[in-house]
Amino acid sequence: MAENLEIPADLKPADGRFGCGPSKVRPEQLKALAASGDLFGTSHRQAPVKNLVGRVRDGLRQLFALPDGYEVILGNGGSTAFWDAAAFGLVDKRSLHLTYGEFSAKFASAVAKNPFVGDPIIVKADAGSAPKPQSDPSVDVIAWAHNETSTGVAVPVVRPDGSGDALIVIDATSAAGGLPVDITEADAYYFAPQKNFAGDGGLWLAILSPAALARVDAIAAAGRWVPEFLSLPIAIENSLKNQTYNTPAIATLILLAEQIDWLLGNGGLDWATKRTAESSSRLYSWAEAASFATPFVADPALRSQVVGTVDFSDSVDAAAVAKVLRANGVVDTEPYRKLGRNQLRVGMFPAVEPDDVSALTACVDWVVERL
């Protein structure tokens, strides 16, 4: 059986986790978690946990070099919850969405179901490509994903010409902390801990500009009904006190804080993005040279530094390759389930060693030769 193939130990990566979320958690984070037992089982309204939340917020402020007036806001529920929160609390009348994969389309879908706003404008591209950011005079929110996790397409964060007062709302779930960004080009840059920040899910974080904060206030003042769990005014009020509206998962916050400190200690966002650029360069160079593989994203300018997708020729069964890799401790290289392509998908977040990406490609070569 193919899955019984045993990859030589000297070819294997030091750490075989290449998932695109949840992603590799560094051992040092887990040690810090184990050493923080006195925080567990204590009130999130008291100083010890509030200081932990403050550590996360201050670290992100430093990591992204936030200008005065920008705030780090957080709440429970992950990016999925933030889509609904933004649909209620950031879209005033109408929005425009660039969709080019599963996750960029989901925010558009959430807005389309919101009874308080007009039908969104959808600008769509096929998986593996992306539309160019654009504006429309009828919209007050323009939204896209900095990194489309399902396909490995990255779209830069730049305010489109003619966007005026429209808020630029960026899904950075798998981008924040691993892709370059000028935060002043966005009004809401939202993400979750289980990608570049090597943590657990269940939490959303959003960097909001003064314009976004003002929009939240204006919509609330107009009396729009919003479920309290999805209320951005409530999230903002609590975040400014270094709290969440309802009880957070302490372990998630500890892992996140440790990863932020690690990124800052190594040189911040500049260091992190150089590291992911190195990892992705190794993956794409290998794919371009391999006789049986090619990068799924044809345009090099759109290829993600943090999520790499590699198509295989019909002569090679990528699912069989992934099965052998998994049996050998090299895990989570399977493609996004709904994409339905003969490919591997590789997470290359900052916690992943570039040398491990090179080792992964060597393992794939070894397996393909023997299938």
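Using N, Cα and C of the backbone, Cβ positions are placed for all residues, glycine too.
In this view, Arg45 (L-glutamate binding site) is surrounded by 12 other Cβ atoms within 10 Å of its Cβ, with every protein chain counted. Reduced to three states, the DSSP call for Arg45 (L-glutamate binding site) is coil. Look at Swiss-Prot and you will find Arg45 tagged as L-glutamate binding site, backed by sequence analysis.
The pyridoxal 5'-phosphate binding site annotation in Swiss-Prot covers Phe103, Thr149, Asp171, Gln194, Asn246, Thr247, and the record cites sequence analysis as its basis. Sequence-distant neighbours of Asn246 (pyridoxal 5'-phosphate binding site) (same chain, 6+ apart, CB under 8 A from its CB) are Asn76, Phe229.
Cβ neighbours of Lys195 (N6-(pyridoxal phosphate)lysine) (same chain, under 8 Å, six or more residues apart in sequence): Cys20, Gly21, Ser23, Thr149, Thr173, Ser174, Ala175, Ala176, Gly177, Gly178, Val306, Gly347, Phe349. Among the features that Swiss-Prot reports, N6-(pyridoxal phosphate)lysine is placed at Lys195, with the record citing sequence analysis.
When the alpha carbons of Gln194 (pyridoxal 5'-phosphate binding site) and Arg45 (L-glutamate binding site) are compared, the span between them is 24 angstrom. Only Thr247, from the binding-site residues Phe103, Asp171, Thr247, place their Cα within 10 Å of the Cα belonging to Arg45 (L-glutamate binding site).
Take the CB of Asp171 (pyridoxal 5'-phosphate binding site) and look out to 10 A: across all protein chains shown you find 28 other CB atoms.
Summarising the pyridoxal 5'-phosphate site geometry, the residues cited as binding it (Phe103, Thr149, Asp171, Gln194, Asn246, Thr247) extend over a maximum Cα to Cα distance of 28 Å.
Each of the binding-site residues Thr149, Gln194, Thr247 was scored by other CB atoms within 10 A of its CB, and the lowest score goes to Thr247.
In three-state terms derived from DSSP, Phe103 (pyridoxal 5'-phosphate binding site) belongs to a helical segment.
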